[in-house]
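Annotated in TrEMBL:
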DOMAIN    51-138  domain 'Ig-like'
DOMAIN    154-246  domain 'Ig-like'
Amino acid sequence: ITNGGVQGPIEGYNSLDVDDLLTTTPTPGQSALLLPTGPTAAYTHPKWMEPYFDPSTPRNVTALMGKSAYLSCRVRNLANKTVSWIRHRDIHILTVGSYTYTSDQRFQATHHQDTEDWTLQIKWAQKRDAGMYECQISTQPVRSYFVRLNVVVPTATILGGPDLHVDKGSTINLTCTVKFSPEPPAYIFWYHHEEVINYDSSRGGVSVITEKGDVTTSFLLIQNADLADSGKYSCAPSNADVASVRVHVLNGKYPLPFPKIRAAQMEGRAPKLYPSPRANTRLSRP
């Protein structure tokens, strides 16, 4: 026992042997010294020593479908308390400490002692895994920290759809973007009327340029457009659903009634093509 940094008994006081306390029956005088003489208050844990959540922990997490999702919960001063993860969709306890309490073995909790982080890993995340998750400390009452998981699916889009209008003899330029993909698609096929476009066909003038990255972009270029090039075009990445657009090759006449032409032009979806004076006269009749 140390006394203010001084080893051994302090002058004027006798040293106290712990074994004597455990084996010796105290005299009445000793009892008066050892036992409290009045009511004692219950021990109160200091507020600054109680567990609390690190408020800088992200509350919104986005994961890619098919990849692992990681939800963090950073707890300070945990001491002998435990941390649990609960899925709010069905109020299901997923993990308690490092133990998994669900038959779905995709869920696993990992404790990183250096960061005091309790991370919930969801392997091969699915769309149904999206939603609210609760990180809970076993205090009385319990303390909770909520994290929302968003699961995104790779998506392909052809810009300017669903209808594109080009003049005969011009170049058809279709742009397909692939977003929310964990990695660039291994390939992108282009289709015309449900048939794969052959870039080396006798028609000629057909080329594809693909730029891979966080957002992969594929450009289909068809030079000297002809009426036979009209129809449905589809972009089919290896890791996303097919995106389609319909192309109209115009031979100096617009296929829609004039009022719809004007509406399309107002929305920026159509070229400024003008009908003949005869058509104007016909449309102006009451």
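Glycine is treated like the rest: Cβ placed from N, Cα and C.
TrEMBL does not curate its annotations; it predicts them automatically.
Across the range of the domain 'Ig-like' (154-246), the DSSP-based residue counts are 3 helix, 48 strand, 42 coil.
Taken together, the residues of the domain 'Ig-like' (154-246) have an average pLDDT of 91.
Residues of the domain 'Ig-like' (51-138) grouped by DSSP class, helix first, strand second and coil last, total 3 helix, 44 strand, 41 coil.
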